[in-house]
Structure formats: C-alpha cells, structure tokens
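Enquirer: First the structure, then my questions, so here it is.
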Amino acid sequence: MEYFDAHCHLNCEPLLEQHEKSLANFRLIGLKANVVGTNLTNSQIAVNLAKQHPDLLKAGVGIHPNDVQLFDLKAAQATLKKLVSTHRSFISCIGEYGFDYHYTKDYITQQEQFFLMQFQLAEQYQLVHMLHVRDVHERIYEVLKRLKPKQPVVFHCFSEDTNTALKLLTLREVGLKVYFSIPGIVTFKNAKNLQAALSVIPTELLLSETDSPYLAPVPFRGKTNWPECVVHTVQTIADIKQVPLAEIKQAIVHNAKKLFW
C-alpha cells in the first residue's frame, strides 16, 4: 500500500458505474480505500464492493446526519446491526454518521438519536467511528468527552481552523483516540485556515481522503473527484508540513493499517 483514501463514495454515482476503471488505477498507484455509506442502500453497496475487492476496499456502513429523517430509528438499527454482524470482516468503520447543522436544525433530535445508535454499534463491534461534523464541533467535543469512546474516532473531511484542531486534540488527554482525515480542500488556495491547522496536527494522527465524487483537489477542482486523486492531497500535506513525500505516505499508510486494515 502506497496511498490510502480513508473516505470515498465509490458506492454512489457517478463513480459506481465506472468503479472497475477506478480500481484499475488503484492497482497502478498502490491505493486502498474505505468505501463509506450514507444510507442503508449505499451501505449495502459498499459492503458488496468490499466483498468483491477485499484486497483494495473496506466498507463503512451508516446513516448521514442529513438523512436521518428518512429512516425509522429501530428499523435502521436492526438493518445496520445485521449488516455488520454478517459482514464484519469486510467492514472497517461505522459511518458516516454525526451532526450537521449547516442546512437546517430541524432534525437535531433525530440526529442525536441516530448518533447514539451508531456510536453504540461501533463500540459493540469494535469499529472506527467515521464522523461527519459540520458547523457543530463544539457539540461533538462535548458529546465525545461525555461518552468516552473506546474505539478510534476519525474526523472525516476535517477542514477547520487551528483553534478547532487544538481543542479536538485535547480529547486525547482524556484517553480518546482521535484522528484527522484531510480532504482535497487542503489544496485550495483559499484554505488558509485548514493549512494552518495542519501544522498543529501530529503526523501520527493524520489520514488522507477524497470524499469523492465531491471536493476534487487542485488541479481537478470543480470536476468529478476520484479516489486516485488522493495523491494530490498527500503531496500538499507533505509540502505544508515540509517533510519528504515518502515520509508522509509512510505515516498515513501506517495510520490506515492500524485503524482499518
């Protein structure tokens, strides 16, 4: 393994239709990835892909906070639990799940309920918490400090500033295993806050991701993103941290193996 994409959506269009072509590129560059679900349907697809390509992919199963209103809590819990218990060896994380107050706060109660349900599932099956957190980092800090997860926590698509990074890092002081997954946003010229935050995040806590098909890094910004584009994100991380590319690649792969593989 030369590269790792901690969070992609090969289980969603337009990537799903062409996933075999993308996986050929995985082999060319030494890439492996987590294919992450956002609802029950594409979580099952993620598992199917991981089963078909166990040398390249692991699955994440979960319900995105912006979709919680579409599901019955108990039914979703039963479906996810069956999925995990049946296919545990192909699954690396629960998620993406979390909190998102960016578009609406109409579903805060449901987000809280689905958060706790998926949190408990990750703890029960000893899986990584793949967290989606948008416009609510103070809340996630309080919740994690109270719940004290024993399993590692990954802040997916981390794109916040230095103060937020430093505060979340203090969770390690109370025994939490937190990691930061850096998206292609870090390659954007206007991502100064994230670039500054990267300087305070220890290399041993870093992961790289694409969140493809979204958030394509420079030089593909504005186009469809693909997991193999993670190479540009990793290069930028190395440039910002002013360390050799080989060192960053090795560190990220080491972290990925420890958490997911």
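Backbone N, Cα and C atoms are what each Cβ position is placed from, and that goes for glycine too.
Keep in mind that this is a model prediction, so the values were computed, not measured.
What Swiss-Prot lists as divalent metal cation 1 binding site is His7, His9, Glu96, Asp211. Annotated divalent metal cation 2 binding site per Swiss-Prot: Glu96, His132, His156, in sequence order.
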Enquirer: Taking the Cβ of His7 (divalent metal cation 1 binding site) as centre, how many other Cβ atoms lie within 10 Å?
Expert: 27
Enquirer: Let me check the 10 A CB neighbour count of His156 (divalent metal cation 2 binding site). How many other CB atoms are there?
Expert: 27
Enquirer: Cα-Cα separation of His156 (divalent metal cation 2 binding site) and His9 (divalent metal cation 1 binding site), in Å?
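Expert: The Cα atom of His156 (divalent metal cation 2 binding site) is 13 Å away from the Cα atom of His9 (divalent metal cation 1 binding site).
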Enquirer: Measure from the CA atom of His132 (divalent metal cation 2 binding site) to the CA atom of His7 (divalent metal cation 1 binding site) and give the result in Å, rounded to a whole number.
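Expert: With the alpha carbons as reference points, the distance is 11 Å.
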Enquirer: Sequence gap of 6 or more, Cβ distance under 8 Å: name the residues on the same chain that satisfy this around Asp211 (divalent metal cation 1 binding site), in order along the sequence.
Expert: His7, Cys8, His9, His156, Cys157, Pro183, Gly184, Asn225
Enquirer: Is it possible to get the count of other C-beta atoms within 10 angstroms of the C-beta of His9 (divalent metal cation 1 binding site)?
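Expert: By my count, 25.
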Enquirer: Determine the minimum-neighbour residue: among Glu96, His132, listed as binding-site residues, which Cβ has the fewest other Cβ atoms within 10 angstroms?
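Expert: Ranked by other Cβ atoms within 10 Å, the binding-site residues Glu96, His132 bottom out at His132.
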